[in-house]
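Undergrad: What Swiss-Prot records for this protein is below:
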type    : residues                       : note
BINDING : Ser121, Leu122, Leu123, Pro124 : (6S)-5,6,7,8-tetrahydrofolate binding site
Amino acid sequence: MTHTLRVIFAGTPEFAAAALAAIHEAGFPVPLVLTQPDRPAGRGMKLQASAVKRYAVEHGIPVAQPPSLRRAGKYPGEAADAIELLRTTPHDVMVVAAYGLLLPQEVLDIPRAGCINIHASLLPRWRGAAPIHRAIEAGDAETGVTLMQMDVGLDTGAMIEEARVAIAPDDTTATLHDRLAADGARLIVDALVRLERDGALPATPQPADGVTYAEKIGKHEAALDWRKPADVLARQVRAFDPFPGGVATLDGAAIKLWAAEPVAARGDAVPGTIVDAAPEGVIVACGSGALRVTQLQKPGGKRLPAREFLAGSPLAAGQRFALPDGA
């Protein structure tokens, strides 16, 4: 089906690329894509295009990569050029998903139908940069995707529609991300169809109660504090897959833990102490309960099931993982 509603798209990672693909494949004209500049990544730290840019280039969609859209920011010239490009590119609405750049009021005012954001949480809970990670880390039973009409606040715009998603006990950020990306793609296509048909989308202001913020994940958060309860640490491991991973330091080596589950405590071992190292999992004492770690990765190695990890890097009861620096 061919549509007439013209959509400028702004986004960067895979979550956004899923939405761009759905919009494009649904037949909406996409005259321009905005995405962040190429960044160094991987072992060789070579410049890598974003997932959104890769899709746009593959499908012949024009791409712009301004480092900023704020005239008063660090890149005023580039911002001015990008804003002029937006003004001179005929379009009706802008869709924004995990773009990573702030949109000033000047930009929000350019599209006739405004800017619609796809946010990976049930707003107003988990506004901010890392809503999927924080929902798992906090032990939320459900999360979802919200479409909102953007304003200059941080994810404060009026809500157009939402989809709810249960968080499974074994969900990681990676697995939950994929389901939310699919839901976001479906929601935005449905919303654009209605916008084209009706000329506007009803939106409801966010409630004042229940606001929380999902701060960006930092590498410093990766270190496991074994004094915490086992269920808290298990959620941390799941929340930090694929980035930055849960990290446990043993004899100066940072071992990444990728899968773990809380189990009953065994004895009264000091938190961080390995109480059993079996093929089924490495059991580590925690502040309350214990953690069975079933997937590990040594420095420079690959993720391995506990059985394979122990075959090449034996661990033994009585060894103790260090507490985080400053603990």
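Cβ atoms here come from the backbone N, Cα and C positions, even for glycine.
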Undergrad: Which has the fewest other CB atoms in a 10 Å radius around its CB: Leu122, Leu123, the listed binding-site residues?
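TA: Comparing Cβ neighbours within 10 Å for the binding-site residues Leu122, Leu123, Leu122 has the fewest.
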Undergrad: Please list residues from the chain of Pro124 ((6S)-5,6,7,8-tetrahydrofolate binding site) whose Cβ is under 8 angstroms from its Cβ, counting only those at least six apart in sequence.
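TA: Listed in sequence order, they are Asp155, Thr156, Gln206, Pro207, Asp209, Gly210, Val211, Thr212.
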Undergrad: Let me know how many other Cβ atoms fall within 10 Å of the Cβ of Ser121 ((6S)-5,6,7,8-tetrahydrofolate binding site).
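TA: So the number of other Cβ atoms within 10 Å of Ser121 ((6S)-5,6,7,8-tetrahydrofolate binding site) is 24.
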Undergrad: Name them in sequence order: residues not among Ser121, Leu122, Leu123, Pro124 whose Cβ is within 8 Å of the mean position of the Cβ atoms defining the (6S)-5,6,7,8-tetrahydrofolate site.
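TA: My list of surrounding residues reads His119, Arg125, Trp126, Arg127, Pro131, Gly144, Thr146, Asp155, Glu162, Gln206, Gly210.
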